[in-house]
Structures are given as C-alpha cells and as structure tokens.
C-alpha cells in the first residue's frame, strides 16, 4: 500500500481445502466442545485431543469423561443428567388378559350356582341322595371358590391380595378333594363291611360325621397355609423383563414357592383315586369310579401343562392368567365329571331317577362283591328278582341320609338296624 503496509488479497473462490467445504476455513484444533449430554473420549496418541460420544441408552453423564448406568427400574432423563423411576406396571381388572380370565371364571360361578339350585330342588330324589347331599354341597362350595379365586389372582398386587392368593391356591382344591375322599371312603367302608352279630356297626357314616371329617382334612391345609404365611409373610416385589419395563408382582409368584400350597391337595388326589378304585364294584348309583378317575387324570394333565408354561413364560400377564385359567379349568372338570351326569338324569332322564335304577347292580363285579361278603349301604330297596346272581334277603332301616340296606348271605332277613 502507499503507506508502506503490506496487504494480502486472496481470491477465496480459487482456494481449495481438503474438506469439500468451500469458503470455510478448517478449524485447527483436535478438541471441540461437547454437547451437555456427551462425554469426552481422549485420543490415544494425544491426550490433549478428544472426541465427543453419547452416553448409553440407560446411562447418565457422571462427569466430562465418564457415564454411569442407571439402576434397574430407572431410565435417564432426556439430557442424561439424572435417572428417573420407570412407571410400574401390573396386571389388574382393566387388563385384557384379566378380563378374559374373569369372564371364564364368572361362567363357572354361574354354572356352579345352577348345579347347586338343581341339587337343592331335587334334594330328596334317589340320585341326589346317593350322591351324598352334604358332601356334594361342600364340593360345590370348593368349586365355587376355585372360580372366585381368579378375581384375587388378577387383582392389583399388594400384601393382602398376595396373601389371599397364596391361601386359596391350595385351600380350594384341598376342600374339593377332602369332600371326594370322605365320600369315597365312606362308600368303601360301607360296602366292605361284614355284618354279623359280632361285627361292629360301620362308624362315622352320618352326615355330621362326614362333615367333621372334611373339616379335619381341610384344617390340615389351613394349618399349612397359616404356618407358611407367618414364616414367609406375603409381600410384593419387582421384576424387570427388560430395562424399560418394571413389573410389580407378588413375591414368589415367579418361582416354585407358590407350589408349596398344592402339595397337600395332591396327596388327597392320590387317596381319591385309591378309594375310587375300591368302590368300583358298588351299585351304579354309588359307583363314581370312572368319573373320579377321569377327573383326577384330567386335572393332573392340566397342572402338568400349567407348571412349565407358568415358569417358562416371560410375560407376567400370561403367567398370572395361566394360573387363574388353570384353577377355573379344574373347577369345570369337577363339575362336568361329578355333577353333570346327575344333572342330566334329574332334568332330562327322570325315569332313571328311581330307587331301582340307583341300586341297580354293577353287573358281575357287584355280584362278586355281594357273594364274597355282606353289603351295607345307604340307598333303596334292591329288586327281589330279575338278577343273574343269587341275592341275600335284605332288611331296611331309616337313617339321616335315606334308607340303609343291610344284606347277608343268610336265608332269613337280616336283623334290624
């Protein structure tokens, strides 16, 4: 210039940089400032240089160079500066799976009430008497509770509902099988009793005695549950199927712990099968062997299918609903096998609801039983003719539960009861 100063004039359009950016000077630095949610990662060769990196999806920025993981059940805020609690989830009455399970259980409850009303309306008919009225009502109560427990299982988890679920999960099947065991044991003892002057009369076969026995058998399960609850109080806990999900459940429901309550009912189930086999030679009105056996087999299959599905499932909704459906299926099986055949006869085949049909012999098997030793039974008059096997004379006595029939191989009528 004229004043002697030097001036550099550049034609910026003709200058080319290694980067393709035109007209922008390259930054002569290796350490650019990072965003608030980013950390600096130093270069290996030059510790004064760094690159910016985002923290992980479930991490927060601890300082300029480090990220920290959030705890299970927490997720970072948008700026990754602090962890926030994940909203908890749980199955409740608004859940679609729960609504389906409750609908299924409600159908079972209405069916149980219908069966109970039919039994009550035909309370004094032979087929209902032969079924054991008092024990049948207890069994219906147990079935009704099996359906009702669904509404506890799918309720919002808290210590109270968890305690109810743990208690009734074993109590309901225990009550049902206690009634079945008592009924089949009573029939087995009556039909295998050997009458005679020196033979004692069969004991504990009155309705009151039967209800006391059911109460004692059920009390064992009640005691087990009380001790279990006192030893391990029910409470809720959280599980995390993934980092973004926080589920509140009853503690132990995702393990084998809840199976403790069903051990005793399984023992009763075995005895049900044993006594059902022992009463297979009884008259048709009293012989429920095939129905009880089919009930037991079906329930065992249901629970064998339930356990692996329950434990292998990663969805809490499916796990809880599977438990509820299994309880309801058990109730429907018991209704279908033990009550529907009698309801069918009462409502659609009244001609079979007679003393003669109820006490009809079970073909040759009953003949073998009656010829081997005397028979005593709650029932009605055996036909005096028309049978392919010889029948002893019989005497009849009125009891609390109907008519007692006592048969001996003697040619004279049996002594009065």
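Just so it is clear, glycine is given a Cβ too, placed from its N, Cα and C backbone atoms.
What TrEMBL records for 97-362 is domain 'G-protein coupled receptors family 3 profile'.
Residues annotated as transmembrane segment in TrEMBL: 97-123 (among others). Note on the transmembrane segment (97-123): residues 91, 131, 133, 136-137, 140, 143-144, 146-148, 150-151, 153-154, 317-318, 320-321, 324-325, 327-328, 331-332, 335, 339-340, 343, 346-347, 353 of its chain, located 6 or more positions outside it, place their CB under 8 angstroms from a CB of the stretch.
Same-chain residues lying 6+ beyond the ends of the transmembrane segment (135-155) with a Cβ under 8 Å from its Cβ atoms: 91-93, 95, 97-98, 101-102, 104-106, 108-109, 112-113, 115-116, 119, 128, 161, 164-165, 168-169, 171-173, 175-176, 178-180, 182-183, 210-211, 214, 320-321, 323-324, 327-328, 330-331, 334-335, 338-339. The feature transmembrane segment is assigned by TrEMBL to 135-155 (among others).
The transmembrane segment annotation in TrEMBL covers 167-184 (among others).
The annotation transmembrane segment is assigned in TrEMBL to 211-231 (among others). Sequence-distant neighbours of the transmembrane segment (211-231) (same chain, 6+ residues past either end, Cβ-Cβ under 8 Å): 134-135, 138, 163, 166-167, 170-171, 174-175, 178-179, 181-182, 204, 260-261, 264-265, 268.
The transmembrane segment annotation in TrEMBL covers 256-277 (among others). Within the chain carrying the transmembrane segment (256-277), a Cβ under 8 angstroms from the stretch's Cβ atoms is held by residues 165-167, 169-171, 173-174, 176-178, 180-181, 184-185, 187-188, 217, 220-221, 224-225, 228, 232, 288-289, 292-293, 296, 299-300, 303, 307, 311, all 6 or more beyond its ends.
Per TrEMBL, transmembrane segment is recorded for 289-311 (among others).
Residues or ranges marked as transmembrane segment by TrEMBL: 317-340 (among others).
Counting only same-chain residues 6+ beyond the ends of the transmembrane segment (289-311), those with a CB under 8 A from a CB of the stretch are 180, 184, 254-256, 259, 262, 269, 272-273, 276-277, 279-280, 319, 322-323, 326, 329-330, 333-334, 337-338, 341. Taken together, the residues of the domain 'G-protein coupled receptors family 3 profile' (97-362) have an average pLDDT of 84.
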